[in-house]
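Participant: Before anything else, here's the structure in question.
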Amino acid sequence: MNSNIKPNLTDQVLLEKVVEAANTGIVITDNLLPDNPIIYCNPAFERLSGYSREEIIGHNCRFLQNQDRKQESRKTVREAIARGESCMVEFRNYNKSGELFYNELYLSAVKDDKGCVTNFIGIQNDITDRRKAEQALQLYYNETDRKVVERTRMLKENEEYLSSIVETIRESLLVMDKDYHILSANSHFLNTFKVSISETKGKMLYELGNGQWDIPELRKMMLEILPTNNPVLDYEVEHEFPHIGKKLMLLNAHRIELEGQFKDRILLAIEDITERKAIEQRKDDFLSIASHELKTPLTTVLGYVQMMQRLMPETVSDKFRSVVDKTGVYVDRLNQLLAELLDVSRIQTGNLELHMESFDFDKMVIDTIDGLKAATPGYNIILKGKVEAVFNGDEMHLVQVLTNLISNAIKYSPESHEVEVYVSKVSNFVKVSVKDKGMGIKEGELKKIFERFYRVGEIQKRYPGMGIGLYICDQIVKNHGGTLWAESKIGEGSVFSFTLPIKDYTGEASNG
Amino acid sequence: MICDDDNGILEMMEMIIEEFGFDVFTEANSVNVLKRLESEKPDLLLLDIWMPVLSGDQVLKTIKAEPKFSSLPVIMYSASAEGHIIAEKSGASDYIAKPFDMNDLEAKIIALL
């Protein structure tokens, strides 16, 4: 015994004090009395159960279970008591106010000298908090489990969703590793190129279908993907496939990487544009044939108009003369439109041929302006500056560009009566600017005006036209290696400028 | 002589060239050109380039191959931008684009006669 313990206290009393002071509920039952009643409980048990000592003594321990009798632990306890053995169980007990608490019971049998069980000592612990934590944990586990199942299902659905897109898409898709071995190919690829998945998967791209994909341009393109990390966009490749014939393909390739899973994979998307190009070609052919066919009757009409003008007697009325002249003007106009349409179709088919010859650039500008001055008497076309250089280019087409820009400047500035043309030599370029004080062009429209058949929204209603003039100008300037651009402010006017490199006869840009 | 597969053009050109003060005859079928040259013996041929069966440049080739006509002045014409290149390659004396300017046409004809 501890030396602090006062000597007048017997061991018996001391033990009683310990039990009284314990923070754990302790009960003692008398196994020799009927129904094994509680004969002792400590204050901790009173606190635990909410009942006072008076209410506890004499009861069998089962009173704590209220109506909740179907508990597995009861059987364990019954058997332990019957055998006179100790046991440890958990009960769902209810305190005086009816609240559930989890009670951990350690039951220990007390035997007399003959080995007969006289008493049971029950050590009781409220483990409600622990159980609640456990239950919360279990709930959490269950919830997590459910979520995992749900997520897995969603992932699977997503995967199915994505794979259904990949399989349905009207574009051939291939995924390759860094050595161009095919990891997967979608149905469209297999159908288009008439191959099976087994002869595709795992094979190297260039070995597919007896090497039909061993295309030099494709090899070159693929080499650029992994090291640079730049996607290859809209790369046009034409190739004759042994069984399916000539195909025009648009290739897009990206490097794909999924953190922690894989890197250096290549996604190759192959769009078969053979059909589309053929349709475009037919449209261009149609444009070309239609405008060409239209020229024949136009030639006849123009011939007769010229005959009328020539045959017209001096005595004819001014009105009649004016009618004939106007007919001529509009036939010319129609001819001009047809010429533009033909130009468009020629540009589309890449047949815009430039006939490069040396000419005096300043003279070309002056002549063009003089011609326009005669056609638009009310307007003042002011020419400033000069190039003072012999220029090597297609004079006819450059006249067309300048005429178009000045005509536009006049057409779209009805309030103003002045157009300025600046000509200069900048470094080894000729620069021409046409400035008007017209209505101006919105910023969003500035780039689009050079597109084929594009017409600025409001303009469409007030000013007739096909929207091909600037497109042709742009193409002609580009074909000379030059640049055409526009600057504009709404309500203040626009400046259209182009630069053309001054080239020597070998076609190289000179540095002079 | 004028050779063009389009009768409208032929009729119009015939009238114009008569107006210039020349005698004219026309041929709508390019296959017959050589035969007509033989019978009519024209001083100048106006030849369309785009014609079915035998195109203008093919006709000109057969003319050039015939010593009797190899030096006959031929003015080719067409509505296409490539026309003057074809004319040049085929060895035509001159070229004029459709639709014609009457004065240009007259000047070109006179220059060759």
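Here the Cβ of each residue, glycine as well, is placed from N, Cα and C on the backbone.
All annotation found in TrEMBL is predicted automatically rather than curated by experts.
Owing to the predicted nature of the structure, the values given are computational and were not obtained by experimental measurement.
TrEMBL feature annotations, pasted as is:
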DOMAIN    B:1-113  domain 'Response regulatory'
MOD_RES   B:ASP48  4-aspartylphosphate
Participant: Validating a neighbour-count step here. Other CB atoms within 10 A of the CB of B:ASP48 (4-aspartylphosphate): how many?
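Facilitator: Looking across every protein chain shown, the total is 25.
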Participant: Would you mind giving the whole-number mean pLDDT across the domain 'Response regulatory' (B:1-113)?
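Facilitator: In the predicted model, the domain 'Response regulatory' (B:1-113) has a mean pLDDT of 91.
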Participant: Tell me, by DSSP, whether B:ASP48 (4-aspartylphosphate) is helix, strand or coil?
Facilitator: strand
